[in-house]
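Feature annotations, reproduced from TrEMBL:
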| type | residues | note |
| --- | --- | --- |
| TRANSMEM | 5-22 | transmembrane segment |
| DOMAIN | 35-147 | domain 'Inhibitor I9' |
| DOMAIN | 173-668 | domain 'Peptidase S8/S53' |
| ACT_SITE | 182 | active site, charge relay system |
| ACT_SITE | 257 | active site, charge relay system |
| ACT_SITE | 619 | active site, charge relay system |
| DOMAIN | 740-833 | domain 'Subtilisin-like protease fibronectin type-III' |
């Protein structure tokens, strides 16, 4: 992972005469920082809260259009409203002038669509002045954020399942705009061309975004596929850490991450994946005919900051995107009375209020409990799972021992065995290990004797320096070529423990042995085969052959939850109290994902200059869901964000491709040797089932008012709610707790004797009769009523769930409720209970 600057970074470079007045060293009171300020006056979307947004989507409702599930979508902002935005900016300027009366300050952004506020660069004393203005609701210090496929469409069953329901891949996602808040995009990549099909892309008339024009993002970069592109970097520039030479002051992607995630969700169908001269199939996004809008707010050299991300979210909503996809997470758990109260999550709440479905990566901080980096119930949080395609190669030693490894590389020819020569035994007379302790990493061919290496397999070490990007596979391969080596074998330094390697492309025979234990086997065989005279090697007798790693293997048991995928329970606050909210919501493919790569993408040195890259992380899982959500939105244009979330959740799979339980890796080191059945805190509702999500039968719906009632139900939250939303909790007749939200899951951090929970479902299918079954968590008894019900098309049914603690227990336990329709619909509702307290508190069970 790249290093990210902390949120409290002190500005060390100042721009121009104006900002230079902020550079102070005298006292903490003079140290300037960026603050996000919200005002009490309502934002633009509130003025249109009761208006429907005019949408020019397909009228194909599949028989469900008469059920207006989504009643809270707003009209795109008009030209008049844009003038209103300018008016709000002038109001912000006036407030700042009146507050500071000649003092120096710098306003970075005016937010007016989702929130009414601004980002400003001031001293702590000036921030305090702002906080005491009667017009000001909240002042929050800016903080940093970070970034958290040829086969996955087949693994998810899209070609024969979801795509045919939308008319095939030629129309899957058409008319839906996905907004990506990421590191930008390479507009020249064929995954985002609009001329790859005989059928011309339609113009999404509900979208009103623009395409920035800069020298590295010239006019014509956008098209009917890539419909909008902007960048946001004011916070980073003000901090003095923006590097224009590598970060690009434009929507262009100098990292690679943004291009990758956008193509996973919405890349064109059938784009050849050619890396290092090898073809690995054809790529496709989940919704290949959907449109892409890019809001660049993260950068290669430093990550990103909340002020820029909030500006990007605000603009995406104003432009009219249907889905916001964030493969980013905060660098720290938000402070305050609840994790939900932070500028990004609250801006996303307003986006949901505007009818936008929001997807966020869970974070790569697993596998420990409470490692979740996406918190709020209105955000659809996605964890990472494997899929069934793996690339593996192997080395067969002269003693008939076979060692498995990784590397997208060809093998040696035929069954010929070739001599192994270690780099440390092939040094020229001017080089010693004493002079250069890292010489064994093969980074400089001038250090070696080519006569010893020519025609042989060169053994190089793989240390933490490769992980940090100081040494590279690409440079080692260049060294091997310069020395006329036949191939390269990398062994793992024993200090690199448990590091998982993505398969790396190699344009010559090669292998990386990722296991320190297997590396020892290789080195023991090699060293025992050397013929020496004193300390000098006179003959290399160890031999080996390499089996290629260019052909995919589809026999892997999958899916399984990857060790790095962040886990629940959802932390409610900085004290690590548990929230009554299940996180993650779902898991999707996130490991070894092929997708588009920027021509200048520098996030992975090994894929520099390539058109595609294989990456792993929850960053790759989230856009799978963004693309699948576009298919649901296309089929059900009236669905609210929570209805889309429900369709994805209730239809998720609980089993791997062999019919066994989905497993979760439990350790960073040797993860496949440390795994057990996944729980809802590992996988949420389960692994996404793309085909079933397009025919969910019943849905659970929640509104913006429900989320507000939930926030108001948090003890002591009323002033914080007012600060972030400008609304008073007293306008809501009653407040609710987390378990009372109408979510397709039930999570109780504390079950004190007994709790009754209600759920309401809406039938969007034909008339159907359902039977109800349940399996209670350990230490809990459960009853669901009614146990059978008939529900007509368009009707609602209320379910009453009574949970009773039967044992005193503080270990999380899990169960499920299943609704089984006589026409084939199956609704899955996970149950999670952490602390259980019975009537008889003298009896304690710790198992």
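Placement of Cβ uses the backbone N, Cα and C atoms for every residue, glycine included.
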> Going by DSSP, how much of the domain 'Subtilisin-like protease fibronectin type-III' (740-833) is helix, how much is strand and how much is coil, in residues?
Replying inline: 1 helix, 64 strand, 29 coil
> Counting across all protein chains shown, how many other Cβ atoms sit within 10 Å of the Cβ of residue 619 (active site, charge relay system)?
Replying inline: 29
> Taking the Cβ of residue 182 (active site, charge relay system) as centre, how many other Cβ atoms lie within 10 Å?
Replying inline: 28
> How many whole Å apart are the CA atoms of residue 619 (active site, charge relay system) and residue 257 (active site, charge relay system)?
Replying inline: 8
> Hey, how far is residue 257 (active site, charge relay system) from residue 182 (active site, charge relay system), Cα to Cα, in Å?
Replying inline: 7
> Counting every protein chain present, what is the number of Cβ atoms, excluding its own, within 10 Å of the Cβ of residue 257 (active site, charge relay system)?
Replying inline: 28
> Mean pLDDT over the domain 'Subtilisin-like protease fibronectin type-III' (740-833): what is the value?
Replying inline: 96
